[in-house]
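J.: The following block contains the structure, expressed as structure tokens.
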Ligand SMILES: Nc1nc2c(ncn2[C@@H]2O[C@H](COP(=O)(O)OP(=O)(O)OP(=O)(O)O)[C@@H](O)[C@H]2O)c(=O)[nH]1
Ligand SMILES: [Mg+2]
């Protein structure tokens, strides 16, 4: 073969190798930058949560201090202690597995008026708008630049990925934005905002029915809700806040503490029960079969002809098959008494894409009917609303906005999109 031809081939191969190496290096650098930005956003969110907790702790200490002062000046409180446990008689074969199951009846309290749904939605909007970097706002500032370059479009996609919108939805949104004449054609800011809002609303799903099944016409009575999720996502807190919402609607609620791993878990639910004036069915024995508690709770809710039964379960890692089976058992045993209307998966919004893996396994193992996105107050990554719905085909029904009793709002797509664009 001609030497020139050989030199030519060698040169082409060398150039190809160089191009591939440059591509790999470029990709790695971009991924590393993305990861760094993600870590920084997480650190900012953590710092904000810590600051909020500290502020809340101080506020609570101040309230306790003034309550103490008021008590000593009035010579003591006339409040009755929260209700004593009443043991139920044995029932069915589940009772054989359970230790003692008891109902903690809260002392009657004057009815409080919880915050209205409209006001909660406004608070959602404000909290999102004040979060460190609402991703809608970041998108808006890129899209209103003159002459968007390829690297601007890459920034748009990175912003979406960082906010946990998910790869597929991010790509779809970027494609649609690129095709939009109002954005590509150097339109004014108001038009860019209107177009972005519309597209985000389409992704979030503006017409999805997000009502809890218990709130629909013809709901079962009692309507049973089971709370599931990995450890510490906010199941128990959400159960308490949710009970308060139902009580505010004039519904009679019973809660079941089917988290029997730790006595403290049932105590925590009981504290919520006392706070919102709802009886809690619990076991007195640590490590009792959670399905037995669910059985007793459903029997009690049925007997009392309650409107809603909320069953709290223990946090569990999605990769522990026996624990996932236990959820199935809790459901089956409850269904001996009452049909289960709703299984709410509580996802911590600050865990981002890790939450997606959990969500898929829970959805397969027990079948979920709705998602509660907790701790949205501490996350700049609201995009998970979009990815979780897209991947699971299940709507986000509620969002958690903090640790207080009124910090749970029905998920409102318009308020959400306005919040992240503010
Ligand atoms: N900032 C914020 N904190 C929340 C929210 N929901 C729950 N928390 C806090 O998250 C922590 C865990 O909440 P729990 O309700 O105990 O979580 P859980 O899922 O029941 O936990 P396990 O039963 O241990 O799996 C508590 O400190 C709650 O106050 C929320 O929406 N926002
Ligand atoms: Mg719990």
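Backbone N, Cα and C atoms are what each Cβ position is placed from, and that goes for glycine too.
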J.: What range among 6-25, 26-45 does TrEMBL record as transmembrane segment?
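T.: Transmembrane segment, as annotated by TrEMBL, spans 6-25.
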J.: Please check the binding-site residues 229, 232, 235, 313 against ligand 2 and give me the ones with CB under 6 A, sequence order.
T.: 235
J.: Go through 235, 316, the listed binding-site residues, and name the one with the sparsest Cβ surroundings, counting other Cβ atoms within 10 Å.
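T.: Each of the binding-site residues 235, 316 was scored; lowest Cβ tally within 10 Å is 316.
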J.: With the Cβ under 6 Å from ligand 1 as the test, give me the qualifying entries from the binding-site residues 232, 235, 313, 316.
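T.: By the Cβ criterion, which requires under 6 Å to ligand 1, the hits are 232, 235.
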J.: Residue 376 (GTP binding site) has how many other Cβ neighbours within 10 Å of its own Cβ?
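T.: So the number of other Cβ atoms within 10 Å of residue 376 (GTP binding site) is 29.
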